[in-house]
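**Student:** Would you mind keeping the following structure in view while I ask a few things?
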């Protein structure tokens with residue numbers, strides 16, 4: 001898990017990917033990084 005995901009933030013998917021180093025996505029309230 002990288003960081004919390006907020007559905008109200010339209011840039012959240014990008015922030016999640018960036019936080020994961022380019023490979024991650026929001027799953028519910030969590031940003032999950034793909035190994």
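Note: Cβ is positioned from N, Cα and C throughout, glycine not excepted.
I grabbed these lines from Swiss-Prot:
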type	residues	note
DISULFID	2-19	disulfide bond
DISULFID	5-26	disulfide bond
DISULFID	16-31	disulfide bond
DISULFID	20-33	disulfide bond
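Could you place these features in context, so I can see how deep they sit and what lies close by?
**Tutor:** In the structure as shown, the Cβ atom of residue 2 (disulfide bond) sits within 10 Å of 17 other Cβ atoms.
DSSP assigns residue 5 (disulfide bond) to coil in the three-state reduction, placing it in neither a helix nor a strand. Same-chain residues at least 6 positions away in sequence with a Cβ under 8 Å from that of residue 5 (disulfide bond) are, in sequence order, 12, 16, 26, 27, 28, 29, 30, 31.
Look at residue 31 (disulfide bond): DSSP puts it in a strand.
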**Student:** Which of these disulfide-bonded residues has the least crowded Cβ, counting other Cβ atoms within 10 Å: 16, 26, 31?
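**Tutor:** Each of the disulfide-bonded residues 16, 26, 31 was scored; lowest Cβ tally within 10 Å is 26.
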**Student:** What is the separation, in Å, between the Cα atoms of residue 33 (disulfide bond) and residue 2 (disulfide bond)?
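**Tutor:** If we compare the Cα positions of residue 33 (disulfide bond) and residue 2 (disulfide bond), the gap is 7 Å.
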